[in-house]
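Record features, source TrEMBL:
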| type | residues | note |
| --- | --- | --- |
| TRANSMEM | 28-48 | transmembrane segment |
| TRANSMEM | 60-80 | transmembrane segment |
| TRANSMEM | 86-106 | transmembrane segment |
| TRANSMEM | 115-134 | transmembrane segment |
| TRANSMEM | 167-185 | transmembrane segment |
| TRANSMEM | 215-236 | transmembrane segment |
| TRANSMEM | 256-276 | transmembrane segment |
| TRANSMEM | 283-306 | transmembrane segment |
C-alpha cells in the first residue's frame, strides 16, 4: 500500500465518521439514512464476496442467510418475548444464519460450476415460499414487525430513533467486519480460497481438502450475512419475504460486489455505497420502476467496460501512480 492508497483510505474513513457533521453543514441530513442503509448492504456484499468472490463459486441464494437471521429476530420478538434485548436476539439470529449456511454448503459445495449456483438459487426459492406456506408464523406477505433497535451500553440507552445514532449503529459493525474480513483475506485461508478459484484441481493435488475450505468460506460468509440481516430488520422495522428473501436481494449483493470489485473486500464496500446512493438519492427522478431500469443499466455497463470493478480499478490506478511518482504510464 503506497501513500496515495493510504490517503484514499484515510479520507474515506474520515468522511464516513464525520458524515453527520458535513451532511448537517451542507443541509443534506437525509443522506445519513442512505449511508446507514449502504453500511448494512456493504456488510452483505462483503459477506457474499468472501465466499463467492474468493472461491469462484457464485451463490444466488445468500439472501437466505441474511433473511433467515432477520426472520429469526422477528420471530423471537413476536412469538417468544417482545422485550428480548438486542444482545440476546442478535447472537441467536446469527447462529440461525450459520445453521442455514451449513445446511446449504455441505451438500452444494460438493458440486461445481452451474450446479452449485443452481442449488443456491433453488434454496432461495424454497425459503421464500416457506414464508407463505407458514404464514401463521411468519406473517406471510405482510411479514412481522420488529420495531426500532434499543439497547444499553455502559448505562447509556442507544436507540435508532435518532438518525445520527442509527447511522453509527450501522456504520461501526461494517467497519469492524471489513477489518476482520481483510485479515482473513490476507491470511493463508484467503490465499487457499483464491487458489481454489484459480485452479481447484492443483490445490487438491497438493493435498488440500478443497471441499472443507469451501464449506468454511460459506460458514465464514454466514456471520456477516447474519449480522447484516439483523441490522436490516431493525433498519426497516419489519421483516417480509419481498424485502429479505426475494432472489433480487441476492442479485443486488452480487451487483454491489461486481461494481466495486470482487475478491477485494473493500471493493464491495465502495460498490454498496455507490449503488445505494444512486438508487436512493440520484435515480429516484426516474420514478419507482425507472430508477431500477437505470440502475441495472449502469451495472450492465460496468460489467461490459470495467469488469474488475470501479473501486478495484481505482485502487490499482492509485497504486500505479504511487509507484511511478504520479506518471500514468
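Glycine is no exception: its Cβ is also placed from the backbone N, Cα and C atoms.
Quick caveat, the model's predicted, so the values are computed rather than measured.
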- Tertiary contacts of the transmembrane segment (115-134), as residues 6+ beyond its ends and Cβ separation under 8 Å: 57-64, 67-68, 71, 100, 104, 107-109, 140-141, 143, 240-241, 245-247, 250
- Message: Is the transmembrane segment (28-48) in contact with the transmembrane segment (86-106), using at least 3 Cβ pairs under 8 Å (sequence separation of 6 or more) as the test?
- Response: no
- Query: Cβ pairs under 8 Å with the transmembrane segment (215-236): which stretch of 28-48, 60-80, 256-276, 283-306 has the most?
  - Reply: 60-80
